[in-house]
Amino acid sequence: MMSTREEIEEGSASEGLLRRSGSTGGSTGSLRWVDGSEVIDQEVLDRNEEINRESNYGSVRRRLKKPRRVDSLDVESMQIKGVHGGNQHKKDVPLLATLSLAFQTLGVVYGDMGTSPLYVFSDVFSKVPITSEVDVLGALSIVLYTIALIPLMKYVFIVLKANDNGEGGTFALYSLICRYADVNLLPNRTPADECISSFKLRLPTPELERAVYIKEILERKSFLKTLLLLLVLMGTSMIIGDGILTPAISVMSAVSGLEGRIPGFNTDALVIISIIILGALFSIQRFGSSKVGFTFAPALALWFCSLGSIGIYNLLTHDATVIRAINPAYIYLFFKKNSTNGWSALGGCVLCITGAEAMFADLGHFSVKSIQIAFTSVVFPCLLLAYLGQAAFLMQHPQSAGRVFYDSVPNSLFWPVFVIATIAAIIASQAMISASFSCVKQAMALGCFPRVKIIHTSKEHMGQIYVPVINWFLMIMCMLVVSAFRSTTSIANAYGIAEVGVMIVTTTLVTIVMVLIWQTNLILALCFPLVFGAMELVYMSAVLSKILEGGWLPLVFASLFLCVMYIWNYGSVLKYRSEVKQKISLDFMDELGCSLGTVRVPGIGLLYNELVQGIPSIFTQFLLDLPAIHSVIVFVCIKHVPVPVVPQEERFLFRRICPKDYHMFRCVARYGYKDVRKEDHHSFEQLLVDSLEKFLRNEALRDNSELGVDDLKVPLMRDQRLEIGTSTSEPSITAAAASGDEDPSLEYELSALREASESGFTYLLGHGDVRAKKNSWFIKKLTINYFYAFLRRNCRGGNATMRVPHMNIIQVGMTYMV
């Protein structure tokens, strides 16, 4: 029950744009530090760079990874990476747990594909009348090879391996590409992100030169970056569109079995009952996909058993020779006989793989092995038997093509099968609903979707989430679709476009992953889009012919979500770039002095901002508006990096800003797009203070080391990667850092920090508004001043998304002209 379930609300962090951090390499020229820390002895840097670079990397290594500027953020991350680098916090999942997850996938992932036998042949033979056995065997052969090639070969054996540390979907592929190439439009990359244990760079291989060449092309061409982002957004939009169409067609197909069985059951009754069932389906989403999966999985298991059993019965009873359809020659004969009508019938054949994308998009809810086991052992064989059985029935009863599924069921079993089919159709909708939730969360974390409320419904699996706004939006749209179309045939015409469109996007992104990241042999990498991309383009050409018959609907939905996501990303990027340009220089801070031109009072001020480097310009507004400022100032940046999870020990990165007597620090709190922000503000404050104390001890230790370098220029210059291997020296280093006896200034600063902590925390929030300049283009003014402003006004506020207590907030506003 909801009362006994721990729900964890998650916001999107400081701003949506912070979610799209960079991947590899150094910062761009426009993002250099302005606090003097860039003034570093180049000879020292070159010497450290030479130590870090292995001799066999050569010019390829230098091109793959730009020279790094060493500062405290980098070295803190290196130190943690050295301790935990080999451990990515992955545990071997027991076989029983994997089988349990595989069982749950039946209720969440495969419901859509499992209910496709309800309507596939009905739609196919509405375009191609059955006049000979070639029609039946040809359609059956197309269906069999489509299931074998796309869900089995493409997704199970290839696409699932392209997951981002267990997370799937188009945005997971995009984040994977972002880690290896600077294709982000948001310039907030930092070299320290490369040291997260989830980041990996491949060692030199014969294919590395080609991968580096492609990487450089992607990074140089801004239009390629925009094109890649639009491709990802389009795929995500179509997945959400699938979340609207899947429940509609699945429920209506199941309920339509009552037509002809109950006198007076007409289209109006079909629509009303379908709407009632859809309302019940979306109402239970709040309980989470884990509970829904366990509840629905037994019903789907029974459904797949029914499909297989009925298929075997029809094969043995009617015509077992339909197994001849394994011969692909029947596909050629089918198109030769039916020509244009056969090509149009492909729009019905593609419905046999509806929901295949959910295998990848829902991966975060489960695991690769569980999805593979469920498909190969249960789903695939049962679907083959179901379609073989229906084809055998049609060989004897071609006039039943319109109701082939229910007519092929023995009369004595009709009502039990109808009940199971209805339950299965309801469950079938779960696959794309869960996929829509996952896509929205990933899009938010990477700065491409407005901030909305997200509830994590499982303590064991972080990917199992519930998004209330999206849930109710999908429900309303589903009901409108059912009311407007009133037939499964019209919805099927719309359904194919969204499904095939998502598959084409996935094929393109996986090909980029193969060439850029996996560094697959070029011939093998090209075979992937040539084989699967060619099939999907043929299917797309068939379904596009149905635009006027209902195919326009998914295009409208996809265009709507595409505009929302692109406008949010576009406005967020412009806002961030404006803040970078207007950040405060150290010359201004030096003129203010350590008092900052005002009174310093005990306490810690946490100024939340979006910049990963420098002092935000909003800080001047606080200095002007407040009569006093806190004795310790920490600029906190909640940043989402393009990895699923950031380990807790790698969460915080610190560096000092200005001289020590200013008591000002920068803190970057890094989260992956799959991370759950469990901590309340008290826990967050304690974690931050503990991490800051550790930073101060390490800083003092290095100040007293043999390097003797001023901490403001190179606070932590020593290469930690050379120190990690010496385990004998680590205890002495830790003890020396902990004691602090050799540095009285450290004890003074630590005591001042504890005193400020005891005085309390105040959250300083800056509300930044964005307006287009007067001389801007009309489209830019319309986009920024109206559309983006509307989205910002109606999304969740900063204090809600950052889990900030309302009683301790001071907020000021600032307008950026872009």
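The backbone N, Cα and C atoms fix where each Cβ goes, and this holds for glycine too.
Annotations in TrEMBL come from automatic prediction, not curation.
Pulled from TrEMBL, these are the features on record:
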- 101-587: domain 'K+ potassium transporter integral membrane' (DOMAIN)
- 602-816: domain 'K+ potassium transporter C-terminal' (DOMAIN)
- 1-34: region 'Disordered' (REGION)
- 93-111: transmembrane segment (TRANSMEM)
- 136-157: transmembrane segment (TRANSMEM)
- 223-245: transmembrane segment (TRANSMEM)
- 265-284: transmembrane segment (TRANSMEM)
- 296-316: transmembrane segment (TRANSMEM)
- 342-361: transmembrane segment (TRANSMEM)
- 373-393: transmembrane segment (TRANSMEM)
- 413-433: transmembrane segment (TRANSMEM)
- 465-485: transmembrane segment (TRANSMEM)
- 491-516: transmembrane segment (TRANSMEM)
- 523-544: transmembrane segment (TRANSMEM)
- 550-568: transmembrane segment (TRANSMEM)
Count the CB pairs under 8 A between the transmembrane segment (373-393) and each of 93-111, 296-316, 413-433, 491-516, 550-568, then give me the winner.
296-316
Would you call the transmembrane segment (413-433) and the transmembrane segment (550-568) in contact, using three or more Cβ pairs under 8 Å, pairs 6 or more apart in sequence?
no
With Cβ-Cβ distances below 8 Å as the criterion, list the same-chain residues six or more beyond the ends of the transmembrane segment (523-544) that contact it, or say none.
146, 149-150, 153-154, 158, 343-347, 349-350, 493, 496-497, 500-501, 503-504, 507-508, 510-511, 514-515, 551
May I ask which of the stretches 93-111, 296-316, 342-361, 465-485, 491-516 has the most CB pairs under 8 A with the transmembrane segment (265-284)?
465-485
Which value does the mean pLDDT take for the domain 'K+ potassium transporter C-terminal' (602-816) in this predicted structure?
74
Folded-back contacts onto the transmembrane segment (491-516), same chain, C-beta under 8 angstroms, at least six residues removed:
119, 123, 150, 154, 158-159, 162, 170, 173-174, 176-177, 180-181, 210-211, 214-215, 218, 228, 231-232, 234-235, 238-239, 241-242, 245-246, 248-249, 252, 347-348, 350-351, 353-354, 356-357, 360, 481, 485, 522, 524-526, 528-529, 532-533, 536-537, 539-540, 542-544, 546-547, 549-555, 557-558
Ranked first among 93-111, 223-245, 296-316, 465-485 for CB pairs under 8 angstroms with the transmembrane segment (550-568):
223-245
